[in-house]
Amino acid sequence: MSEIDTNDIKKEMDNKNYRDPTDNKELLKWTKKKRKRSNDSMHINNFYRYNPPNFKLLASKYPTFDKYIINKTEKIYNIDWKDSNATKELTRVLLDHDFGLRIELPDNYLCPTLTLRINYLYWISDQLKNLKIILNDNDNDNKIIKGIDIGTGTSCIFPLLGAKLFNNWSFIGIDIDDKVLEYAQNNITINSLNSKITLFKNEKNSDILLKLLNYKEGSNTFNSSNDDHQDNHDDDDDDEEYFADFCLCNPPFFKDLNENNNNKNNNPKSNCTGSVNEMVTDGGEFEFVKRIIKESFQLKCKIRFYTTMIGRKVNLNPLINILIKQYYLPKNQIQTTELVQGNTSRWVLSWYFLNKSTNLETKENNNINNNNNNNNNNNINNNNQFLTRMERRKLYREGITLNLDSDDNNNNNNNNNNNNNNNNNNNNNNNNNNNKIVEIIKLILDNNDIIYKTDENNIKYECKYLLNNVIVGSSIKLDRDIEFLFTIFIDLTTRLILFKPIDPKINNNNNNNNNNNNNNNNNNNNNNNNNNNNNKNNNNSCDGEIINSNLFFILKFLENIKNEIKLK
């Protein structure tokens, strides 16, 4: 090539802003833009949410990681995130330093990113707690939780992290490659977790989960010589209605090798290496998850909670439509969430089935349980349709009211109110308020017509909006260090805000009847009502908007819980 041609090429590269990969200054500029010191999208319990890795400390402690630092003259150390060897060593030292896990990560296999997977595990834990409430499960909180990892990989990352993060979790890891299972078994043995993790050898293109129905310890397992794990799974499927509490999966993305290669060419910043079995499957990610869905409708409640990661958002809604339209699964039994690490996002699709023995039914137009008052059926929308954010905000502005008193209770209360004086009325109101707290909680937990699928980040946003704009004057503050309180708050408020507004005609009719019966009381209590209205107006800056008293009672209930919980 002539000198003139070379100069022309350099000019063209300058015009197109090409970055020389050997230029460390340019590399540092790019990596500084990419790396964030905190990530509010991580799960609240994720260790790295407020404690990003200290590369300088890691480099001083691990010489094998120190050689990948590219900016030792800077205050904050960094690595080349496109270098697969650097990211692999980072994963290895983080597992050792922060979790006490020592693993071997062979070349040419997937290197797992930690924060996404930690978010995934904590999200599953949250959903299992919610599912326990929905199913009225009275199992001991320390009961062994059994998980199934579909495609466990050489690192066996989900079972290893799950066993470290949750003392009562155990796993069965499934894979189709003998060599992969050898590496995975070695990582399990190194960390002395044979008592919690078992590996299962499956065949390519065979059933993904159905074979586990006939699974027995020591049968078709990779580590069949292990005796320690047998105590945890000894014929549990015969004694219980379900075989496992949950399954999780990070499915292969691509249909074939050409699609994989095209993805690398279109995204030169991508650091994606892995074996063919890890990256490619017939039909790609969409068909693989479809197979899991199909098998789940054969297994039903044998696995309590089905989950899978989705790498391409374009596949999420079609898979949800398959669950709803093809298999007629109610929408309130489907959940999704987004997992975020830096600029990388993954999605999770999950669904569950209801046992026949539970009081909840799977029909879309069911009313709330008969254990609650029949009067509530008029106040709750019977259609399982997802509300948009604008619709929910409209609910906030209008205020949400739930008629929690039965007809009998209303009659009794009316008779009592007619006979009691003003002081007794005040006492009855206090007692009714206390009873209403219990009734609200019971109604929420027993109601099966609640739209339960919503994004976790949207939940937090909407709850914050609710606190700031509806519960005006409330002095209650959520302590982010209290996991239990925060989880309950998110769960209860999310369920409650998804109720449809009450028909004003129904309310007007009820109010007219009550007003006719209580004219005497209203005349006697005008002074008290005026005083109460003045107090409400002083506390409420919403220009006449109705404060949702039900949510206020829930918050007061949570405040009592908060006082009983010790801070971490």
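Note that the numbers count up from 1, one per residue, in the order the chain is shown.
Each Cβ is built from the backbone N, Cα and C atoms, and glycine gets one as well.
Here Swiss-Prot flags Arg117, Gly151, Asp175, Asn250 as S-adenosyl-L-methionine binding site. Its Cβ taken as reference, Arg117 (S-adenosyl-L-methionine binding site) is surrounded by 22 other Cβ atoms within 10 Å in the chains shown.
As annotated by Swiss-Prot, compositional bias 'Basic and acidic residues' applies to 7-20.
The compositional bias 'Low complexity' annotation in Swiss-Prot covers 365-383 (among others).
Annotation comment: Swiss-Prot describes 409-431 (among others) as compositional bias 'Low complexity'.
Feature annotation from Swiss-Prot assigns compositional bias 'Low complexity' to 507-538 (among others).
Annotation source Swiss-Prot lists region 'Disordered' at 1-20 (among others).
Annotation comment: Swiss-Prot describes 363-383 (among others) as region 'Disordered'.
The annotation region 'Disordered' is assigned in Swiss-Prot to 403-431 (among others).
Positions annotated as region 'Disordered' by Swiss-Prot: 503-538 (among others).
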> Any idea what DSSP makes of Arg117 (S-adenosyl-L-methionine binding site), helix, strand or coil?
Replying inline: helix
> In sequence order, what residues of the same chain, 6+ apart, have a Cβ less than 8 Å from the Cβ of Asp175 (S-adenosyl-L-methionine binding site)?
Replying inline: Gly151, Thr152, Gly153, Leu181, Ala184, Leu199, Phe200, Lys201, Asn202
> When you look at Arg117, Gly151, Asp175, Asn250, which the record names as binding S-adenosyl-L-methionine, what is the longest CA to CA distance in angstrom?
Replying inline: 18
